[in-house]
C-alpha cells in the first residue's frame, strides 16, 4: 500500500509541475547612461538621478535622410543608448533605414531582439528564414503604412522594390 502511495505521489508531482518565469520589475524608474563612468553594470553605469535632464531622453535626427550612395544602397540611422542615454537598461532601440532604388538591408540577425518595421514611403520586400528543418523563406512586399515583425534571432532582410 505504501508503494502505491509513493508511486501516485511521484506521478502527481510529475504531472503537476509549474514554471514560474517572469521579467522582474525594474528597481528604479530609469537608468540614464553615464558615459563618463568606467563602471559597467548591465550596460553603462547610471547617472545620478538628480542630474538627469529632459535631453537625456531626447534624440533629434530621424527626420534627416541617410546617405544611400554606397554598395548596398541603404543607410541605417540608429537610436541606441549611444545616441539616447535614457535608453540604458530598457532593452529597446530604434532605427531609421533609408533605401536607394533597389537598395538592400543585407541579411542579418538580432540574437536577443524581435524587430518590428513600418514602411513610411515606397514599397519594401521583407523576409525572414525559419529555423525549423525546412528553413522556409517567409516574404512579403509591403506598402506605405504596412507593418511587419521579424521574430527574435531569425535571419531577415529588407529590399526596396520601388523607385523611392
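Each residue, glycine too, has its Cβ placed from N, Cα and C.
Automatic prediction, not curation, is the source of TrEMBL annotations.
Residues annotated as signal peptide in TrEMBL: 1-21.
When Cβ atoms from all protein chains are considered, those within 10 Å of residue 31 (disulfide bond) total 24, not counting its own. Taken from TrEMBL, the feature disulfide bond applies to 31-46.
The annotation domain 'Cupin type-1' is assigned in TrEMBL to 60-164.
What TrEMBL lists as oxalate binding site is 105, 110, 115. The number of other Cβ atoms within 10 Å of the Cβ belonging to residue 110 (oxalate binding site), over all protein chains shown, comes to 15.
Residues or ranges marked as Mn(2+) binding site by TrEMBL: 108, 110, 115, 156. Residue environment of residue 156 (Mn(2+) binding site) contains 22 other Cβ atoms, counted within 10 Å of its Cβ in all protein chains.
Listed in sequence order, 28, 31, 32, 33, 34, 88, 89 are the same-chain residues at least 6 apart in sequence whose CB falls under 8 Å from the CB of residue 46 (disulfide bond).
Residue 105 (oxalate binding site) counts 21 other C-beta atoms within 10 Å of its own C-beta, drawing on all protein chains shown.
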